[in-house]
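Participant: Sharing a structure here in structure tokens format.
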Amino acid sequence: MTAKATLEPPACGPEETASESANVPATEPSGEVAAPKSTGEEQTPKPQEPAPEAPGPEAPAATKPAPPSEDVPSAPLLLAVEDVGDSSVTVSWEPPERLGKLGLQGYVLELRREGALDWVPVNARPMMVTQQTVRNLALGDKFFVRVSAVSSAGAGPPAVLDQPVHIQETVEAPKIRVPRHLRQTYIRQVGEAINLQIPFQGNPKPQASWTHNGHALDSQRVNVRTGDQDSILFIRSAQRSDSGCYELTVQLEGLEAKAAINILVIEKPGSPRSIRLLDVWGCNAALEWTPPQDTGNTELLGYTVQKADKKTGQWFTVLERYHPTTCTISDLIVGNSYSFRVFSENLCGLSDSAAVTKELAHIQKSDIVAKPKSFVERDFSEAPSFTQPLADHTSTPGYSTQLCCSVRASPKPKIIWMKNKMNIQGDPKYRALSEQGVCTLEIRKPSPFDSGVYTCKAINVLGEASVDCRLEVKASATH
């Protein structure tokens, strides 16, 4: 059975150890003892005997008459170092062959720094243990260790370690902990910043280095800061050339750990090339195009195909994230002519420009022979006229409201909204919409101040027309 104890004894000489040993109770034959903290200079106890001429493991000569050899115990056996840490050392030994006639009272452990002459006891009183741990040692210390068995007649000859004990820093193998989001390809857009913080472990502090695709980093573009526990790689404005494999290497006394981070810098793709209108039949049109020359440094998610009627000129999407480079557009309206355009798309979005067909797709009626002589072209031009006027409206403060009317005119009229005869175009509080002759004015979160007469005026080259209504915003009742 082993017993462990932690002590912080003062530095004292062998005389003090011997004088106090009689009062120490017996304990189990093993334990743990902590040594006092080391100071800047060697603490030298008052010696019991003159210092020897040269440092050595031999025991000091006693100033008093030596007791008979049979009264004192012999030297402990098998003194050995069990463990050495960065601030402690553990030693153990076996009891001596001869305990002495007066019986064994314990053991005294002593240290002597390398280059010093005097031995310093670790424990002030003898301890009945056969294992002790000396703590609070300074990093880099070298010292000799000896232990003596003590009886009431005095201390016996010591057992001394042949080699000094060296307190060295514990070496911890380096290890890199890659964050979870960097274990797969790290994707950034051109112009964005790249900031990688990679934690690592190792004791003492390891040396960290980075490479890009197996080559040294460009110090003009890439900044690296390495601390005690992490390394940070920073690129202020990423370019496509920054894509690749970045490898972090952490080295420590012949040991090393590596981690690879794959970075992909992307941007919007280019537009498709050489789009062609292959055929038009019935209400269908066939298109073909070639992929873009630049995909933005990543795979395409597909193509977006849009159509526009020649009359309105408004574009409508008919296919999204479409992968083939040929398609057929159906359900086109007879009598209309259409243009088509195609965008490329990747993770950054649609391309900035599109490939547009040069020729129009004319959807003609089948089996109809035109008779120009019997056809009289009708002029559909007319001055604006409101088919649905504005209606007076009452609103509650804080709730958006809308004023609606409908107008008919050809060519398409210009719509002007006024409040109390004042033009409100461009006011962010109002949002005016006009779609297929339906005119809408949205008033965002009105207040009583927004009450008044609102006018919608339609103007084209043939004339103008206007309609009025009154809006009343009732103030909330206060209690």
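Cβ atoms here come from the backbone N, Cα and C positions, even for glycine.
Annotations in TrEMBL come from automatic prediction, not curation.
What TrEMBL shows for this protein is this:
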| type | residues | note |
| --- | --- | --- |
| COMPBIAS | 47-58 | compositional bias 'Pro residues' |
| DOMAIN | 75-170 | domain 'Fibronectin type-III' |
| DOMAIN | 174-262 | domain 'Ig-like' |
| DOMAIN | 271-366 | domain 'Fibronectin type-III' |
| DOMAIN | 384-468 | domain 'Ig-like' |
| REGION | 1-73 | region 'Disordered' |
Participant: When each of 75-170, 174-262, 384-468 is checked against the domain 'Fibronectin type-III' (271-366) for Cβ pairs under 8 Å, which one has the most?
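Facilitator: That would be 174-262.
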Participant: On average, what pLDDT score does this prediction assign to the domain 'Fibronectin type-III' (75-170)?
Facilitator: 86
Participant: Please spell out the DSSP helix, strand and coil residue counts for the domain 'Ig-like' (384-468).
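Facilitator: Its residues divide into 3 helix, 53 strand, 29 coil.
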Participant: Can you break down the domain 'Ig-like' (174-262) into helix, strand and coil residue counts using DSSP?
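Facilitator: Tallying H, G and I as helix, E and B as strand, the rest coil: 6 helix, 51 strand, 32 coil.
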Participant: Let's see if you can do this one: DSSP helix, strand and coil counts over the domain 'Fibronectin type-III' (271-366), in that order.
Facilitator: 0 helix, 52 strand, 44 coil
